[in-house]
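According to Swiss-Prot, the transit peptide annotation covers 1-29. Sequence annotations record features per position, and here Swiss-Prot assigns region 'Disordered' to 30-51. What Swiss-Prot records for 30-49 is compositional bias 'Polar residues'. The N6-acetyllysine annotation in Swiss-Prot covers Lys103, Lys181, Lys196, Lys297, Lys356, Lys464, Lys469, Lys474. Marked as N6-(pyridoxal phosphate)lysine by Swiss-Prot on the basis of a curator's inference: Lys280. Residues or ranges marked as N6-succinyllysine in Swiss-Prot: Lys280. Here Swiss-Prot flags Ser470 as phosphoserine.
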Amino acid sequence: MLYFSLFWAARPLQRCGQLVRMAIRAQHSNAAQTQTGEANRGWTGQESLSDSDPEMWELLQREKDRQCRGLELIASENFCSRAALEALGSCLNNKYSEGYPGKRYYGGAEVVDEIELLCQRRALEAFDLDPAQWGVNVQPYSGSPANLAVYTALLQPHDRIMGLDLPDGGHLTHGYMSDVKRISATSIFFESMPYKLNPKTGLIDYNQLALTARLFRPRLIIAGTSAYARLIDYARMREVCDEVKAHLLADMAHISGLVAAKVIPSPFKHADIVTTTTHKTLRGARSGLIFYRKGVKAVDPKTGREIPYTFEDRINFAVFPSLQGGPHNHAIAAVAVALKQACTPMFREYSLQVLKNARAMADALLERGYSLVSGGTDNHLVLVDLRPKGLDGARAERVLELVSITANKNTCPGDRSAITPGGLRLGAPALTSRQFREDDFRRVVDFIDEGVNIGLEVKSKTAKLQDFKSFLLKDSETSQRLANLRQRVEQFARAFPMPGFDEH
């Protein structure tokens with residue numbers, strides 16, 4: 001019986017990491033000698049990772065090779081530039097700096113003050129924001145802490161919020177809870193009510209959202225998604241917020257790069273607060289940003305007195321000291337690098353290509369008879385509903401993983417199981433960073449379709465998900481088909497360049 005092995009030792013090594021692997025073998029063969037040498041000399045801190053920890057170095061090589069030979073379709077992933085990675089792996093990791101520029105609790109912060117202020121300026125410039133009307137906090141460690149900081153700043157415990165339901169394409173931090181448990185910290189500390197998609201169109205049901213808001217009276221409504229392929233009507237959501245006197249938070253984590261490039265509408269005209277991650281379509285290091293309105297909010301018609309926004313101090317206090325300690329200065333620097341890149345014509349071209357590639361992928365899937373939630377895409381992703389095909393996202397994800405295509409299972413409207421949801425989420429940003437074009441994505445869909453068909457055949461022969469996964473590895477004919485498909489996928493993928501470092 002032929003077993004379909006996924007172990008690294010069974011994989012041929014090509015391109016990414018070949019020379020380094022040779023060095024690793026030499027290091028392993030001389031491990032005893034190296035250890036003896038290390039014992040005889042003092043630690044300098046200048047030892048390379050490959051010298052001081054060959055085991056970890058090899059794991060990095062394996063991951064680098066996986067990325068080079070695979071097709072990365074997870075919509076929330078991208079490939080960071082070498083320049084940003086250099087900042088991320090710099091001496092800035094050494095500096096602790098609780099507080100804000102000019103108001104630190106530690107000395108020696110004059111340089112990191114400049115770095116943080118530079119990141120703030122670039123963040124405002126990237127989204128064409130007037131610093132008199134908008135401010136930004138660049139210290140959140142990622143998107144989820146950024147959202148929690150906003151809730152902490154604007155709400156009291158048990159205040160009410162509304163966000164898109166997770167099975168309909170929302171995010172955990174927008175208040176998700178199941179029938180039996182409050183899943184997200186947002187739903188634990190606050191009272192949440194989801195809004196949903198129209199089941200017929202797959203679009204956000206703004207009319208129902210408005211009706212629900214009138215009854216629920218939320219203090220905060222979140223305009224943001226994690227698996228929604230269409231544009232958000234921020235103006236409509238602003239109307240709802242004004243009617244019920246709620247704040248509007250736009251979570252643009254998935255689409256911030258597209259917003260910066262001006263290829264899709266911006267939420268800043270309508271939102272009170274905007275949060276984002278920095279590693280998705282923005283293509284930076286993993287971190288978070290919180291933008292907030294400042295300046296004059298309104299003028300009292302009776303007294304003529306200017307009424308200012310009060311977000312700045314509340315948000316800054318929520319980030320530090322309420323929720324975080326010292327900022328990750330290395331990440332802030334790397335984000336600043338990415339924000340500079342986001343202001344270039346080249347980044348706009350990249351973002352336009354992301355949209356073209358996503359649409360090409362959607363069209364190719366539709367041509368092959370696949371059902372897409374909402375029927376297509378206006379942004380960087382598509383959500384495939386596999387239920388009409390007779391398959392689920394968990395089985396499709398596993399088959400594709402075995403042939404070096406990385407995607408993720410995802411709930412579709414009406415799904416009741418997060419373990420075997422009906423959807424498969426596919427994104428264009430990462431492969432577009434590897435210079436894929438429309439025809440390349442049509443080829444990718446060919447590979448996906450072949451994998452799904454294998455999955456359908458195996459599903460007809462197995463019962464439970466675990467049986468399905470076991471059959472993929474142990475059935476000789478299936479293993480051979482998967483191995484053949486994987487070889488073609490990897491040969492195709494390796495022909496494209498990879499951003500970042502060559503070796504890791």
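Quick reminder: no glycine exception, Cβ is built from N, Cα and C everywhere.
What Swiss-Prot annotates, mapped onto the structure for a quick look.
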residue: Lys103; record: N6-acetyllysine; Cβ contacts under 8 Å, 6 or more apart: none
residue: Lys181; record: N6-acetyllysine; Cβ contacts under 8 Å, 6 or more apart: none
residue: Lys196; record: N6-acetyllysine; Cβ contacts under 8 Å, 6 or more apart: Leu164, Asp165, Asp168, Ile204, Asp205, Gln208, Pro413
residue: Lys280; record: N6-(pyridoxal phosphate)lysine; Cβ contacts under 8 Å, 6 or more apart: Ala75, Ser76, Glu77, Asn78, Ala253, His254, Ile255, Ser256, Gly257, Pro429
residue: Lys297; record: N6-acetyllysine; Cβ contacts under 8 Å, 6 or more apart: Ile307, Pro308, Tyr309
residue: Lys356; record: N6-acetyllysine; Cβ contacts under 8 Å, 6 or more apart: Arg437, Glu438
residue: Lys464; record: N6-acetyllysine; Cβ contacts under 8 Å, 6 or more apart: none
residue: Lys469; record: N6-acetyllysine; Cβ contacts under 8 Å, 6 or more apart: Arg398
residue: Ser470; record: phosphoserine; Cβ contacts under 8 Å, 6 or more apart: Thr462
Neighbour tally for Lys474 (N6-acetyllysine), based on other Cβ positions within 10 Å of its Cβ: 13
Lys103 (N6-acetyllysine): secondary structure state under DSSP, collapsed to three categories: strand
Assigned element (helix, strand, coil) containing Lys297 (N6-acetyllysine), judged by DSSP: strand
Three-state secondary structure, Lys474 (N6-acetyllysine) (per DSSP): helix
